[in-house]
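In TrEMBL this protein carries:
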- 1-22: region 'Disordered' (REGION)
- 1-11: compositional bias 'Basic residues' (COMPBIAS)
- 41-61: transmembrane segment (TRANSMEM)
- 73-91: transmembrane segment (TRANSMEM)
- 75-189: domain 'Phosphatidic acid phosphatase type 2/haloperoxidase' (DOMAIN)
- 112-135: transmembrane segment (TRANSMEM)
- 141-162: transmembrane segment (TRANSMEM)
- 174-192: transmembrane segment (TRANSMEM)
- 204-222: transmembrane segment (TRANSMEM)
- 234-256: transmembrane segment (TRANSMEM)
- 276-294: transmembrane segment (TRANSMEM)
- 331-352: transmembrane segment (TRANSMEM)
Amino acid sequence: MSHHALPKHFISKSGSPQSLPSKPGPSAQAYVQKYVVKNYFYYYLFQISAALGQEVFYITFLPFTHWNIDPYLSRRLIIIWVLVMYIGQVAKDILKWPRPSSPPVVKLEKRLIAEYGMPSTHAMAATAIAFTLLISTMDRYQYPFVLGLVMAVVFSTLVCLSRLYTGMHTVLDVLGGVLITALLIVLTYPAWTFIDRLDSASPLFPVCVIVVPFFLCYNYPVSDYYSPTRADTTTILAAGAGVTIGFWINHSFQLVSQPAEPLPVIQNIPPLTTDMFILGLTKFAVGIVLILLVRQLVQNLSLQVLYSWFKVVTRNKEARRRLEIEVPYKFVTYTSVGICATTFVPMLHRFLGLP
């Protein structure tokens, strides 16, 4: 679907859509564009595909992988995902390339309109997850490589095409995201084995894992107006820091059983049985409930402390966007979530007798 013409399956109710600011900004956030869906197959296909590159997918898929499939794989996926997303988010606010103009395109996602377009972080994340998973499993599990390659290509392609369909990116944005991710995978691949052994690092390692990401978040490129980019980047880096610290805690204090060796070990993929399916869903449900409780508790507590420290009126949504409040509260909240997901949830599973 070209971003230079109104899609045939979308027709503005007014017949002549109002002009949406070509540059991101506060005015763009308030804009609501009306359209009529003419092809529901494409509409739902690409809406679902777009969701595969959004937060809702990663906060379900990555924890599920850790609790039910292979902690070794989840650790590698999360670290590569965090690296790719940070570079993509920063690149957006440095390049400051606007998203496609509307009209002629119809934009189906309102929250992200305030962000810049180049590169597409949805394309970057989908490519990173799909091909990191493929590379990490091809010498670890026994399955047809061609099947894994096709699945990786289909997954990343659907997410990439969804960014064009939803009017959020140009072809150049998407291609830029894919190429940047491919380059990052090639450059970092020699260090993946080293990354796998970070949990056995020195006692100073957790300090570095907290200080460096927090510094990067606090010194995020300054924008001319508020957009959710800095907040999203803080959430991603904090979650990555929390997961990394969680693995370090597990290794240092032997709180949970060790994950399988990160060396090539060919394993057969066990068949999915009803009992295994129910057990997986139960572990996932228990884990998500605990994570949501921790997230809400830590977020409320950290906001209360920051509001009191900076003498800000409670429940002031504008104050939550201030640098000195937004970055600390999100960083503390999602670092706690990462630690909880990798350390306390597996302990709870063992306590409840969920293997």
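Every residue, even glycine, has its Cβ placed from backbone N, Cα and C.
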Using Cβ distances below 8 Å and needing 3 or more such pairs, separated by at least 6 in sequence, tell me whether the transmembrane segment (331-352) contacts the transmembrane segment (73-91).
no
Would the transmembrane segment (234-256) count as touching the transmembrane segment (73-91), i.e. at least 3 C-beta pairs under 8 angstroms with sequence separation of 6+?
yes
Averaging the per-residue pLDDT over the domain 'Phosphatidic acid phosphatase type 2/haloperoxidase' (75-189), what integer do you get?
85
I'd like to know if the transmembrane segment (204-222) touches the transmembrane segment (141-162) in this structure, counting it as a touch only when three or more C-beta pairs sit under 8 Å and are separated by 6 or more positions.
no
Counting only residues 6+ away from its ends, which parts of the chain sit with a Cβ under 8 Å from the transmembrane segment (276-294)?
60, 63-64, 67-68, 270, 336-337, 340-341, 344-345, 348-349, 352, 354-355
